[in-house]
């Protein structure tokens, strides 16, 4: 029951010159569904990537990090669902390397030019043999098919495209896919997201841009506050649109391209929240007039992570004291609660440390009945702001996570 | 459906010399139930108290803090349920002061000798008139009746007693009550807990002891990670057992009394978790061999707060990778995951960064089927340890909090 999220058709997505996609059924967890995806990348492309900060990061994350900066360039991404290859120790690393070697043989590149990605259950050995056996069976696929092949508990495939001017004469295209629904509280990037563009960008500049975009998009969402072991966000720049390379962040095209990719990444990040496990509402928490951006984000996350706030949204109940309580425990030691203003959409709910005189329960109920709601909190301490996206906490969340492995 | 928690009868609780309890029906939220409690304290008693660190702390918390150290001593506690008087601004403070004044008139003391406590819905004005009108109707009550009168979403009243030697010849008695079920993630003390003892302790020493006990008991529990606006924990020492005053922490009786009261407070704190909203399981998270106690507690809380971990416990599903993931994102930047060992009760689940070779799914299932489970995590970084208590996340939690105001 995703919140206002529909599957994109192939016609709504751009092909990206220099990228070929393949999918297959490896039978890792369930039969008769694609669970293996390979993204073949043309020579000369550059790749930027950011990964989870979870200390129990998965074996493929460790391997992908070590392969990312190899001097021959990245030529393929291999992605499986059904098993995260996390909490699998040294055997997990060997399995990830074996998958890279087999994918390299198939793609005609070196093993260290392959980045592996896995998502699914943690603490179970990766069935690398099934993946390797499935490689020869892969079929070419378009982005819509790949978006479906990387899903786990997702109910809607997540894909998006953008086209825009970068530089005076050139049109740049970008297409991305993402998966994620639970264990969503990114601290680098969330679960798996892959964006490809035909722009030409040097690797160090693309790496920086990837980090900046992750911080503004995937790092602003939370479903359940659980940071995954496998979060990975990758941007591929194939350079096929014949522009000169963007090799400097002061190049005006850097900002143009970043804006275009940021818009795409934000759509994918929000799609993950809209499809958050059990989600019935899409909630935007904006904190304004904070002293620092970190402080603003801290307050926004306190509200966004609170189970009491999330169940109130699920119930469509304007039990808004729960939001004030969350702001109060967000850890801003010298917060003057008398200055805090809180709005639900455009309705002023709280000010001067209490309920606004103008607020009525009927106003609150009207907003809470919607399936997209914005909470705006003004701290009146400075000029910084942050926005965080989340969903409600429903019976669906409990059911999905109590049943996930069965 | 509290986990192994039954109501104490009057016979299981000690009266404390110097304490008289009263309850009444003020009709604050629901008719026909006691929602007002007054604890009358004999002259010469000392009182220690700790309060929530939530910046949106309730009006009664602010007033209680300002009355606690008055030079004439605290003579009464007045406690209402049904309304938290939090997020109520200046009017909330006036209401709390009016209740203190009325209670002082009834108890024959000064208004600043009364500490007010409120619990219930946030962001709604306190019906102080109803409380004041109910004071003359109060009836003497015993601890079991008072334990029931301070309940909100609690399903079982929480009370306990202890008796023990403090000093060579003297027997000390202590009885306490607590309430709390949701919005439980104390950062001083949780919700409301009141302990009275007949020991004689100077105010500064009692205040320090109260802080130390809170840190070892109420500050180690979490139900939903939400720190309340109204958390308060009070210890009253009436001094009626005719010992000389404990006025120094080096007095050997300090440690004896602290141990006795700590044991009592821990039973009450655990009772809150056992009665956690929707709880079907009582979970103990022990983190050992950490570098510091803060680090150990940080890791324990990451596991205890994770919705994914909590739903796995609810499902009795040994989906134990979720616990490793939580340890991984607990924020210990230099954690060597290869050294981490995790046990479920006495079963070694994970070591060397992966699943233990000896572990079987059947072992995990056998432990997960229990209603009391201990998770032991050894970080192998140092000598510090911490224990945290929590419960699972069930459909009951969502139902209770989605329906709470209706």
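Any Cβ shown, glycine's included, is placed from N, Cα and C.
Remember, it's a predicted structure, so these values are computed and weren't measured experimentally.
Within 10 Å of the Cβ of residue B:277 (substrate binding site) there are 27 other Cβ atoms, across all protein chains. Sequence annotations record features per position, and here TrEMBL assigns substrate binding site to B:152, B:179, B:190, B:277, B:401, B:406.
According to TrEMBL, the active site, nucleophile annotation covers B:190.
Residue B:179 (substrate binding site) carries a strand DSSP state (E or B). Among the listed binding-site residues, namely B:152, B:401, the Cβ with the most fellow Cβ atoms inside 10 Å is that of B:401.
Checking the binding-site residues B:152, B:179, B:401 against chain A with a Cβ-Cβ cut-off under 8 Å leaves B:401, in sequence order. The local packing around residue B:179 (substrate binding site), expressed as other Cβ atoms within 10 Å of its Cβ over all shown chains, amounts to 28.
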